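Presented below is the structure to which this report refers.
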């Protein structure tokens, strides 16, 4: 009686495994439901294909959401019922992160569906980077159209653009990217899909999961001319192209055994060049004396002679160079040889046309530099989409580029004009990466800090306009060179012609005298204050003494010594909110952290300065000053403070789940955190750190990044804490400052330790160690290991290529290995001994975002158990060759 139950369990297990495999297979897919509002769930699983679609909102700045008419919705799958339309700009571009030099299948779908009620089907252009890909004519293809291309990007960013060419409004329904194996479809250029068919008269349309690359296969069969054969045995499809097994399980042979199998079609354009990929498998059980051998011909010429299909395997035959059609029709034939006893056979066929993309994209380094400048100044320019320089009529505002007569040569940025753009902060360091820049105009903004030395090193510059800002300090000597026009008027604090040195030398003697007198006065004042305080304390009997206090030598006036708009609490209020410091939730060199409540409901953490803390007031002051000027969802927020003579306390939001370390270790009742949540926590901590480095002026280095300083709220949202060691950079463009070494052993940047030169990359190193802790759940330093430091131990284990020895065993293998490898590589890159080889926090955050998206897809696919439905869908663009 138990057999049916066991059978059911086995079936469920099998389905779970299949679902898991499918989820992993589409980890690197990009499937965008264009126009899906962010107010709805931002991703979902399409029930027919099992593909995971997400909103396109984060990949494009422009456009509005639309939906096809309700009466048409049942005719299309869910991802194609919405659309994004573009009523404003002439060119609107998606920007997608891809792997440079990796081949992709790129597919775009367009369905008008009378979304606007105007019955006005649009015509517009589709561009890939700066080149025309296709003209989209929805007046001709009223039910929708699709464009599909095989393309190898030459940079890590891919722009897909919709360009308005008339009075109608461009739109897009879905955008899909599928990475392919680099050993398939080896051609010099890109390939535009003409048709992809498998020869079967009964089965229908195939795509993912039958095809692991999500290629679309239409069944095609000429009933009057062909005979179908099929097999129920499994066909091996393990060549570089991996056509679907279902497509190989059937084949067509000529009904007349002596006749050729012929497929012909008229070319769209007389000069079209074709690549054909024919997939063959012998699926018939041949008798002892049976032979199947045939020649493959193109327009009457033999391209493959005496071919014998492999038994239940697959061979893909393709032309090595593009071919054209000689007459009105292109003719593809399979003719059996005189030795063959059986007719020719064909299982599946792909036909592509060569598409030329003659215009090169802008130099990749220039593109990265301009985007970094855009990020540094938080610019939001609608026209800054797609390629910055080409086509020239769509070039970004404020940029002038080299106008090469040779369009195959990448353009370079020659001029950058950001005048009157509301810029604040320092002159962005990314400008120096525009190595061909001739003209720079940053005039009429509110830039501060010094004029950076790197401008003097940019030898191609002939004009620099910095007028109308708040720059200060001396000009670099290199900017006084002949041939350079430098405009700096309207910067009253800027020192010209050595005036800074002269002014300082004139004031040197008076300053020394004043400083000496002031020093004596301060010493006398301090002695008097100490004497008064000691007399006051000796006369106080029975006064309540706090458990942790320290006499401070600072202003005893009623006004606080720390300027703040946050709430100032009295010491008696601190005692009340902590119930006389009853519940201690943490402690360190500064003192203790106590739990408290305000108004009986709002929970807070109260950091109280310890009497034994030698650097206490300095670090306390630093933390308060920093928390007053930073505001980010992934940084602990300040509630208030107490600065009442010798009583100092900092009150900030209470995070009830404690720190990350205790959850990884399982100590103090910390709950287990799965791999997906670990990735999310790492990303949130990275975003907080990125804000300190890039979102603050001047930038801030935390100096003590570690798992115990990453706190978690009720939903396990991560926030960085403990800013007592943090340092701000001088406003100027320096990347390092010299300082006394401080931090936690094991997390401390070895380069910073040796040179005392602190930089943002010092935090990156510490964050890399945190990532290794998140991955391994191992102590940072463990003398019992052969390699005591965690980075050395992981590096040693990586040489063996087995991540199971590195991963936290508590995860029980519940993770996607590719995302783990990416995070491991990222962690080791962050922990590189040399700071120049480490990424910045923006790069770290972006990489973690991609890893988290992959992991979320895996988890969501594992949870999906929706039944599949068969939905028929047709596009007017599907081209079917006719056979004879």
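Just so you know, the numbers here start at 1 and follow the chain as drawn.
For all residues, glycine too, the Cβ spot is worked out from N, Cα and C.
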Annotation match for N-linked glycosylation site in Swiss-Prot, from 319, 470: 470
From 143, 840, pick the one Swiss-Prot annotates as N-linked glycosylation site? 143
Can you tell which of 289, 599 Swiss-Prot marks as N-linked glycosylation site? 289
Just give the helix, strand and coil counts over the repeat 'LRR 1' (412-433), going by DSSP. 5 helix, 7 strand, 10 coil
Which value does the mean pLDDT take for the repeat 'LRR 2' (436-457) in this predicted structure? 95
Quick check: of the glycosylation sites listed here (200, 400, 444), which one has the Cα closest to that of residue 470 (N-linked glycosylation site)? 444
To the nearest Å, how far is the Cα of residue 256 (N-linked glycosylation site) from the Cα of residue 200 (N-linked glycosylation site)? 18
Just to be sure I understand: of 143, 400, 444, 465, 752, which recorded positions have a C-alpha no more than 10 angstroms from the C-alpha of residue 417 (N-linked glycosylation site)? 400, 465
Go ahead and report the DSSP secondary structure tallies for the repeat 'LRR 2' (436-457): helix first, then strand, then coil. 4 helix, 5 strand, 13 coil
Across the repeat 'LRR 3' (460-480), DSSP labelling yields 4 helix, 6 strand, 11 coil
Hey, how far is residue 652 (phosphotyrosine) from residue 752 (phosphotyrosine), Cα to Cα, in Å? 30
Quick one, of the glycosylation sites 143, 200, 289, which Cβ has the fewest other Cβ within 10 Å? 289
